[in-house]
Amino acid sequence: MSDSLRIIFAGTPDFAARHLAALLSTQHHIVGVLTPPDKPAGRGKKLTINPVKELALTNNIPVYQPTSLKPEENHEWIKALQPDVMIVVAYGMILPKAVLDIPRLGCLNVHGSLLPKWRGAAPIQRALWAGDTETGVTIMQMDVGLDTGDMLYKASCPITHQDTSASLYAKLAELGPKALINTLDLIISGELKAEKQDDSLANYAEKLSKEEAKINWSLSAQQIERCIRAFNPWPMSFFMLDDQPVKVWEAQVIASDNTNQIPGTLLKADKTGIYIVTGEGILNITKLQPSGKKPMASADFLNSKRDWFTPGKIIQ
């Protein structure tokens, strides 16, 4: 097999663009890029190009932006490029079997978990929320299922008690490109060994919703604190205070026997934070963001809104 593969790259966000950038520094030939149509963004709703398209145009790579890959006529662009392999990273569209079968070596996906754990749309956030101590990336041979294909390569990293989705995303954005290039090297050398997934060990990382981000004080302080880190930077955990949403950026778990207190009860608010009773333990909110304001230390917020935080008040 030639040392240089003809690659079509399919992706959208910065996470994907980092993988494309890594491939551009190799001996492989990126013959085309698939990415979704430009979307309106900002107040003016101007059409904006995503990071993958921007990188492709900078490097004079042909770009194709179909609204769907289901129509057969949309497959002709892919066929004409005669790819050895298609690499898919956070593309955001379904690839039908007819597309998966076009490249000589099929389609590879970079998935942000250690499969078969956390198949689905939000593996980074769900791993954090669940309290996992380890995650990573899996390079997978795509099939028609949802992240069910054979595993080709894995790279892992620890999840710390300080990690947010943003910091974990950054870790995986470092791991993924290296794992992908190693996988391609193994394919070329003929040393790659595929491993089937054990479906009995699989679980699903469902897409996040804004509704989930509202803090449920009946959960334990530990669960809520993990949720706060998992939902940072989107959609951001929040609570309601005098009918205003307040986003929570940072919090601490305080062990306490508070079984006689209603979850959501405000215990105290001082320069060290805002202490709220949960289903188990106390949550100390140390950094928050009132509606229409920038994130700030809780102590700074209290300077102007101390009257909002009367001990005994129930926080919604």
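Using N, Cα and C of the backbone, Cβ positions are placed for all residues, glycine too.
Database features (Swiss-Prot):
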type	residues	note
BINDING	Ser113, Leu114, Leu115, Pro116	(6S)-5,6,7,8-tetrahydrofolate binding site
Note = Cβ contacts within 10 Å for Leu114 ((6S)-5,6,7,8-tetrahydrofolate binding site), all chains included, total 20
Key: Proximal but sequence-remote residues of the same chain as Ser113 ((6S)-5,6,7,8-tetrahydrofolate binding site) (Cβ under 8 Å, at least 6 apart)   = Arg119, Pro123, Ile124, Ala127, Thr135, Gly136, Val137, Thr138, Ala205
Key: (6S)-5,6,7,8-tetrahydrofolate site shell beyond Ser113, Leu114, Leu115, Pro116, criterion: Cβ within 8 Å of Cβ centroid   = His111, Lys117, Trp118, Arg119, Pro123, Thr138, Asp147, Met151, Lys154, Gln197, Ala202
Task = Could you tally the C-beta atoms, other than its own, that fall within 10 angstroms of the C-beta of Pro116 ((6S)-5,6,7,8-tetrahydrofolate binding site)?
result = 19
